[in-house]
Amino acid sequence: MLTSGLVPLAIIGLTAVLAMLLAPRFGAATVRAAAATGLVLAAIAVIARIAAPEAPAPPLFADDGLARFGTLLASLSGLAVLGFLRGHPAAKEGPALVCIVALGAAALASATHVASLFLSLEIISLALIGLFVLPLTRGALEAGYKFLLPGAAGSAALLLGAAFAYADSGRLDFTAWHGPSLLAGFATALLLVGLGFKLSLVPFHVWAPDIYDGAPPAAAAIAGSAAKAGVVIAILRIDAGLPAQPVWHMGLAALATASILLGNLAALRQPSLSRMIGYSSVAHSGYLAAMIVCGAAQAPAAILFYLAAYVPAVVAALCVAASLGTPATIASLRGLAWRRPLAGGVLALALVSLAGLPVAIGFLAKLLLLEALMRSGAWGLFGAVIIGSGLGLYVYFRFFTALFVRDDPLPAPRLRRPEHAVLLLCGAMLLILGLYPAPLLDYLALAAG
């Protein structure tokens, strides 16, 4: 029986099927419009139940605030990426793959069992590989190959950890790793490795920069937004069932510290916007992992707020990169704010938000991160965040200043109406929620329970 909590997932799944059926018979614009309509309906279905109490759900899934927030993020991320699929070599097949990624991310945010967790991750991975490799260029094929192998290694570690957890506890829900035995600790370590690959935490991050740089920017955008948000929410659920497992928190703290420092250091000298965002995503994964480690009472809501700040910023940055038609480097971005004020202005706002500076929503997200670490007494992670944030300021400042240089002769990209709409939506979210975050904070406090 289809419960009300699964209606948005059903809508996204049916939309993916419809897009696949339409692709051979209709033009790319028609397929994109159908996919966009389905994702809008899924988002409306979530919003209609935004304040509803937690409802009964199938054994493998939950219908709570975390699931609804993750489904909403997945739907809106997919909708934004659809607006920039016009230049994708697989413009007709792309909408179906984007919907499948959104479906996997929404299911991942709702998963409460190893079976649903694994299947959701594999749905995301298979669809992303298609989006990465369909240009059939050397860079795209290399990106798909580099995504496939680490993804397979992460899945293998996750399954092996689940097997050891089942041998120890006889269960496969998210409390299976709760035991104090040596076998449970080993299972938890394997779980950490598997999720480290999926979240691109150091040292399991080597695939991320090449993916962001070699894959089409629109494909990288859905990977860095919906997919990452789904993984983070799944880790939140797992963390709730591991209060007495020191291997988990000590290991996650070490991975978070390494990711924050090495991610920002590696991004310092990157001339490519997409590759810089790839290394930046490693650092931001570290920030999110640090918030999970701190275990403060307000951390779940702070993590969701950080996702609400990060997702539109990374989508906006990569969508601007997709609109350029040429590799987005510091040189090609020079003067973009004067040549195309909307694209340049939204990219500037996204960089400000990623840096955690005032006006944009990322400023409050960074403050909530630091507050959570201070309240929990995680001073080592607090110091790593301060150092990483300082390095990040220089990383984003290099690209920010290039946008406002006036002496650039390069032609400006031409944006169509869907691209204008996406950039306006992302820019409005970054600015309005940065200036007036109270309603979002109230909702996320309710969603986090």
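Glycine is treated like the rest: Cβ placed from N, Cα and C.
As written in TrEMBL, here are the features:
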{"type": "DOMAIN", "residues": "111-391", "note": "domain 'NADH:quinone oxidoreductase/Mrp antiporter transmembrane'"}
{"type": "TRANSMEM", "residues": "6-23", "note": "transmembrane segment"}
{"type": "TRANSMEM", "residues": "30-51", "note": "transmembrane segment"}
{"type": "TRANSMEM", "residues": "66-85", "note": "transmembrane segment"}
{"type": "TRANSMEM", "residues": "94-111", "note": "transmembrane segment"}
{"type": "TRANSMEM", "residues": "147-167", "note": "transmembrane segment"}
{"type": "TRANSMEM", "residues": "179-197", "note": "transmembrane segment"}
{"type": "TRANSMEM", "residues": "218-236", "note": "transmembrane segment"}
{"type": "TRANSMEM", "residues": "248-267", "note": "transmembrane segment"}
{"type": "TRANSMEM", "residues": "287-307", "note": "transmembrane segment"}
{"type": "TRANSMEM", "residues": "313-333", "note": "transmembrane segment"}
{"type": "TRANSMEM", "residues": "345-365", "note": "transmembrane segment"}
{"type": "TRANSMEM", "residues": "421-439", "note": "transmembrane segment"}
Region pair the transmembrane segment (147-167) / the transmembrane segment (179-197), three or more CB pairs under 8 Å: yes
Stretch of maximal Cβ-Cβ contact with the transmembrane segment (30-51) [cut-off: under 8 Å; candidates 66-85, 218-236, 421-439]: 66-85
Considering only the recorded stretches 179-197, 218-236, 313-333, 345-365, 421-439, state which has the highest number of Cβ pairs under 8 Å to the transmembrane segment (66-85). 218-236
Residues of the parent chain within Cβ reach of the transmembrane segment (218-236), under 8 Å, 6 or more residues beyond its termini: 66-67, 69-70, 73-74, 77-78, 80-81, 84-85, 87-88, 94, 98, 101-102, 104-109, 111, 117, 120-121, 124, 128, 131-132, 195, 198-199, 211-212, 274, 277-278, 281, 285, 288-289, 292, 300, 303, 307, 310-311, 314-315, 318-319, 322
At a C-beta cut-off of under 8 Å, are there same-chain residues at least 6 beyond the transmembrane segment (179-197) that contact it? List them, or none. 150-151, 153-165, 167-169, 204, 231, 234-235, 238, 242, 244-245, 247-248, 251-252, 255
